[in-house]
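Just below is one structure, and these are the notes that go with it.
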C-alpha cells in the first residue's frame with residue numbers, strides 16, 4: 001500500500017505542496033494479462049522516486065500510462081493535485097512530464113540541436129527555432145552542467161552523452177517530472193555515476209524524478225522513496241533510508257534471495273580452448289575483433305566484461321562457429337580452426353562446444369515451437385532427437401520433461417509454446433539444453449538478461465556446478481556484478497580488443513569500469529571516480 | 001506483453017476459414033442477386049453439380065488432385081518461409097518430363113515401367129525448374145517470389161516452342177504431341193470400378209488421386225516427423241536460430257525448393273499421363289496459382305490442404321454446372337465467384353484475425369496464463 005506520508009514543505013514553506021504525481025487505483029489489462037492492478041502511487045515533488053520490480057511486474061506498463069502511451073482501463077492520474085486525462089504523449093508533455101527511454105529515441109544522423117528541436121521547430125522556416133533552441137540549450141547546459149556540443153552528430157557521441165541529449169530534450173520541453181526507464185543498462189559504471197550526479201542536481205532544482213530499474217544498487221544509491229511492484233501490483237512503499245537490498249529483493253520476488261552465488265576457489269585443469277591472434281571484420285569491413293588471444297582451462301569461468309557492442313557478440317559468434325574464422329587460430333579439444341579449417345556450429349557441438357546465446361528469442365529458442373522442439377535446437381541431428389532420418393517425438397518430449405523438472409521450468413509442459421514461458425523459464429530451457437550436452441566448453445552470452453531474480457540465482461548456481469564438473473566456461477555479460485561474482489578470471493573488452501585482465505580476488509569495479517570505457521586505469525589519475533554512496 | 005493474445009488454435013484453423021468462406025459466399029450471392037438470379041438456387045445447383053449429378057464427384061476429385069499437388073508444393077516451401085509462386089511453371093515442366101518419358105518408352109516398355117518412370121520424371125523436372133530460383137535465393141539473394149514468377153513465363157515459352165516444334169505431331173497443325181500408347185495411361189478410377197462390378201460414369205479421375213493422397217502423408221512426415229523437416233521449420237521461423245543451430249541455410253533452402261518443385265511437377269502426371277495422354281498447351285490452367293490459395297486456406301497442413309482442395313475442386317466443377325444451368329450466369333461469372341473465394345480465403349485470409357482475436361480476448365478474461373517463475 002502506498003504510504004500516505006506527511007508532505008514536508010520542500011522549499012521550507014508552511015503549506016505542503018500537493019504531490020507531483022498521484023496515481024489512484026490504476027488498472028490495465030492486455031487480454032488475459034492484468035498488467036496493472038489497482039495501482040496507487042504518490043510521488044512527492046522534488047524527490048527521486050524509484051519503481052523496482054522484476055521483468056513483467058508491470059513497471060513499463062505503468063510508466064507508459066503516465067507518459068500517455070497507453071490509457072488506463074480505470075483509475076485517476078493527478079499531476080500537482082489536478083486530475084488530468086493523458087490520452088497521448090503530447091498530453092503528458094503538456095503536463096510537464098518527460099521521458100528518457102531505455103532505447104533512445106534519437107535520429108543518429110542528425111545533430112544534437114536538430115534532435116532536441118525535433119517536434120518543436122517553430123515556424124515555417126527553421127531560422128527562428130534554431131536560434132531559440134540554441135540559446136535555451138546553452139542555458140540548460142550551464143544550469144545543470146550538461147555540457148554538450150550542439151552541432152555534434154548523435155551517432156558520433158558515446159552512449160552516455162546520447163542519454164544526456166535525451167534528458168536535455170525532455171527538459172527543453174519544460175519537463176518538471178522526468179521518467180527514466182532503466183537508464184543505466186547501456187552505461188559504464190562511471191557514466192552511471194555521472195548520470196546520478198546530474199539527477200541529483202536536477203532534484204535540487206525541484207525536478208521530480210521517477211526512476212524505473214531492476215538494479216537494487218541504483219535504488220539504494222540515489223532514490224528518496226522506493227516502490228516495489230510484483231505481478232502487476234504495487235506491493236510495497238518504502239523510504240529508501242529505512243530499507244536495504246535484502247528487504248527489497250524479498251519484496252520483489254516474494255521470498256529470500258541469495259545475492260551472490262556461492263563462489264569458491266578451485267584450481268583449473270588443462271587448457272581446452274586456446275585463442276591466438278583472432279581478428280574479425282564485419283560485413284562493412286570495420287574491425288570488430290582485434291588481435292584477441294587468451295586461454296580457457298577446464299573447470300574455469302573466464303568472464304568477459306565490457307559495455308555492450310565492443311566485440312563480445314562477435315567473439316561468441318566466431319567461437320561458436322556461426323561466423324567463420326577470418327584471421328587467427330582457435331584450438332579447441334585438439335582441433336585447430338582457422339580461416340582454412342572451418343567448423344560450423346554442428347561440428348563444434350560434436351567436439352563439445354555448447355553455446356548459450358545472447359539472444360534467446362531469436363537464437364536460443366524458436367518461439368512458435370513447443371518447448372520440446374526447442375529443447376533439441378542444435379542437437380536435432382543427434383541421438384537425443386531420434387534415429388535415422390526421423391525424429392522420435394516421444395523420446396524428445398520425455399527428455400524435455402525430465403530437463404524441465406531438473407531445472408524447475410514452469411509450467412513443466414513440453415508441449416507448451418516456447419514463446420509462452422516467462423523470460424526466466426525460457427532461459428532455463430536454453431541453459432538446460434546446453435548443459436545437458438555435457439560440453440567441454442560452454443560459451444555463455446548474457447545468461448541473465450531479462451531474467452527474474454529467482455532464475456538468475458538458479459542459473460548462476462548451475463554455471464558454477466558445471467564449472468566444478470570440469471567444464472570450461474566463457475562468460476560474456478554486460479552486468480559487471482555477474483562477471484565479478486562468477487569468474488575465476490576477468491578479461492575486459494573495449495573496441496574489439498582485450499584491454500585488461502584481473503583475477504577473481506583482485507577485481508575492482510572502478511578499475512574495470514575505466515577499462516571498459518577504454519581508459520587505462522594506471523594513467524587515469526585526473527579522473528576522480530566517485531563512490532555512489534548514499535542512503 | 002502484446003496487445004492481443006493469439007487466437008486459440010481451433011479458431012485459427014477451423015473458424016477463420018469457415019468465416020472467410022461465408023463472406024465470399026455472401027458477396028457472391030449479392031452478385032448473383034444483382035444479375036437477377038436467386039442465389040440459393042445457384043448454391044443448390046453448385047452443390048448438386050459438384051457432388052450429386054452422375055459422374056460429378058469424379059470430376060470434382062479430378063480437380064482436387066491437381067490442387068492437392070500444387071497446394072502441398074506451396075505449403076512445403078512456406079514452412080521454410082519461402083513463397084513459391086512458381087507452381088504453375090514447375091507443374092508445366094513436370095508434365096513435360098512425364099510426357100517425354102511416355103513418348104520415349106510407351107512403344108517399347110510395358111506400363112508398369114513407363115508410368116513409374118514418368119512420375120519420377122515429373123518430379124525431377126519440376127524440381128529442376130525450382131532449382132535455379134532456389135539457388136539464386138540461397139546464394140545470390142535474388143528474391144524467390146520474383147524469380148519463380150519469371151520462371152512461369154519461361155516455362156510457358158519453352159512449352160510453346162517445343163509443342164509447336166520438335167514435339168508437334170507430324171502432319172498436324174495444332175501444338176500438341178502425339179497421343180501415347182494406351183499401355184502407358186494411368187488407369188481411370190471408373191475403369192477400375194467397372195472392372196470390379198461397380199457401375200461408374202466416365203470421369204477424368206484416375207489413380208493420380210491416390211498418388212496425391214500419398215504425397216499428403218509424405219509431406220506430413222517430412223515436415224513434422226523428420227530431421228530435415230525440423231531444419232526446414234527452424235529456418236522458416238527464425239533464420240538466426242537456424243544459424244545458431246548449425247543448420248546450413250543455403251542447402252536447406254535449395255532442398256526445400258527441390259521438394260516443393262517436385263510436388264508441383266507431379267501435378268503434371270495427373271494431366272498428362274492420367275487424362276490428356278499427350279502433351280498439350282496450357283494443361284496447368286492456373287492450378288499452380290490456385291495452389292497458393294489452397295495452401296493458405298488449408299493453413300499449410302496436409303489435412304487442411306485436402307479439404308481446401310476438395311472445396312476448390314467442387315467450386316470448379318459446380319461452377320461449370322452453374323454456367324450450364326443458368327442463362328444469365330456465364331463462364332466469366334463463375335470465374336468471378338471463384339475469384340471472390342480465392343480473394344477472401346487466400347489473399348485476405350487473415351483479414352478477420354484482429355477483430356476475432358479481440359473478441360476472444362474479451363470473452364476469455366481469465367487468470368494470467370503466462371506463468372511466473
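Glycine is no exception: its Cβ is also placed from the backbone N, Cα and C atoms.
TrEMBL entries are annotated by machine, without manual review.
As recorded in TrEMBL:
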TRANSMEM  B:15-36  transmembrane segment
TRANSMEM  B:57-83  transmembrane segment
TRANSMEM  B:89-105  transmembrane segment
TRANSMEM  B:112-132  transmembrane segment
TRANSMEM  B:144-168  transmembrane segment
TRANSMEM  B:205-223  transmembrane segment
TRANSMEM  B:243-267  transmembrane segment
TRANSMEM  B:279-297  transmembrane segment
TRANSMEM  B:303-322  transmembrane segment
TRANSMEM  B:334-352  transmembrane segment
Positions whose Cβ lies under 8 angstroms from the transmembrane segment (B:243-267), at least six residues beyond its ends: 65-66, 69-70, 72-74, 76-77, 79-80, 82, 84, 86-88, 90-91, 93-95, 97, 119, 122-131, 133-135, 137-139, 144, 208, 211-212, 215, 219, 222, 228, 231-232, 234-235, 284, 287-288, 291
Candidate ranges B:15-36, B:89-105, B:279-297, B:303-322, B:334-352 - greatest C-beta contact count to the transmembrane segment (B:112-132) (under 8 angstroms): B:89-105
Criterion met for the transmembrane segment (B:144-168) and the transmembrane segment (B:334-352) (at least three Cβ pairs under 8 Å): no
Same-chain residues near the transmembrane segment (B:334-352), Cβ under 8 Å, at least 6 residues beyond its ends: 16-17, 19-21, 23-25, 27-28, 31-32, 290, 292-294, 296-297, 308, 311-312, 315-316, 319-320, 322-323
For the transmembrane segment (B:279-297): best-contacting stretch of B:15-36, B:89-105, B:205-223, by Cβ pairs under 8 Å: B:89-105
Leading contact stretch, B:89-105, B:205-223, B:303-322 vs the transmembrane segment (B:57-83) - CB distance under 8 Å: B:303-322
